[in-house]
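Participant: Handing you a structure now.
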Amino acid sequence: MKILGIETSCDETAIAIIEAKSSRIEVLSNAISSQVKLHAKFGGVVPNLAAREHAKNIGHVFKTALADAETDIDGIGLISVTRGPGLAPALLTGLTFARTLAWKYDKPIVGVNHLDGHIHSNWLMPIGVKTQNSKLKIQNFGDKIFPALNLIVSGGHTELVLMQDHGKYKIIGETLDDAVGEAFDKVARLLGLGYPGGPQIARLAEQFALNNAGSIRINADTIIKFPRPMIKSKDFNFSYSGLKTSVLYKVRELKENKTKLTDSVVNEICYEFQKAAIEVLVQKTLKAAAQFKTKAVLLSGGVSANKYLREELSKNCAKAGIRYFQPAMEYTGDNATMIACAGYFRYAQIPTTSRNKFSWKSIKMDANLSLS
Ligand code: AMP
Ligand code: MG
């Protein structure tokens, strides 16, 4: 069965086609039109501007997705669209497009949660990759991974989600203020590194690590130190706004002491900030996995592109004897393959006789949609 996914919750207009085979999911196309450059000058995403761009680009992205997958709308068995959470005007554009397609071509349609999408980026087989080269992917649906623990980290979310099965979720921890990706973006902004800041900070942190490899300043003795917020708290919540403020105070202090923010000082700030942010994520995830006796840890969301986070989580899960999965790099950011995949699992769980409820009439947007 081929599934068409549509995602417009933020600043990516994305349409993709996947094919669900008996034991694995293959990606046939993954078309994305990004508005990052447009919003960069505002330092963040402007909702109405995002909606206008989605409306302008969605027809073209749709055609590209069909052409890349070498199929047409008749070959599509299900439409899956993000119905929340996200920016209301942006969500509405994709939802209206999806409902119109479902109505015009008489296709079943399912509305999915954007975070359910991120979780399912772990099930995707990248274009051109063969099973044996993809050991880290969950491909065999019989894999014993439940209960699993999801760490979802993005520009809008930092969540620990217990997963008993597809669609059965319980949020056990979340950020009390800023999301971790948001903290990366805000710290980058105050260091003048541009938007989105995550990749820039990661790059400069890596530079610092490379330049100081073997030096005592790595690990033991960075001159600049930041706190690890809530690392010892008994719950599984996070807080990133204080860490961002600590960076702000450090930058102010350095300037007052007439210390120049040279490249090497900026790199060190990025290194220590990234280390602090990620140490908390990894420790809390491992603690939750032990407490809830989960069989696997699944990473996802835009920040899951961070190499240091991937390495640390992988290393620590291996040490604790827990299976660990991470999405292929191309599915870490917002995309529609993951939306198609989440929709497929929801559809597959419903008995064939009840599938008439997957109608364009019953899909509604919910900008604050929750996972559990
Ligand atoms: P999303 O909200 O899922 O679209 O993800 C976007 C967020 O991921 C933004 O806050 C980015 O700064 C962040 N991000 C992307 N790549 C990285 C990276 N390599 N390291 C840290 N954060 C990242
Ligand atoms: Mg996202």
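Positions of Cβ are set from backbone N, Cα and C atoms, glycine also.
All TrEMBL annotations are machine predictions without curation.
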Participant: Besides Ile152, Val153, Ser154, Gly155, Gly156, Asp185, Gly198, which of Asn48, Asn57, Asn306 does TrEMBL list for that substrate site?
Facilitator: Asn306
Participant: From the Cα of Gly198 (substrate binding site) across to the Cα of His114 (Fe cation binding site), what is the distance in angstrom?
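Facilitator: That separation, Cα to Cα, works out to 20 Å.
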Participant: Running a distance check here. Ligand 2 versus the binding-site residues Val153, Asn306, Asp334: which have CB less than 6 Å from one of its atoms?
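Facilitator: With ligand 2 as the reference and 6 Å as the Cβ limit, the list reads Asp334.
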Participant: For the binding-site residues His114, His118, which one has its C-beta crowded by the most other C-beta atoms within 10 angstroms?
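Facilitator: When each Cβ's neighbours within 10 Å are tallied, His118 tops the list.
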Participant: For the binding-site residues listed here, Asp185, Asp334, which shows the highest count of neighbouring CB atoms within 10 A?
Facilitator: Asp334
Participant: Of His114, His118, Ile152, which binding-site residues come close to ligand 1, meaning Cβ under 6 Å from one of its atoms?
Facilitator: none
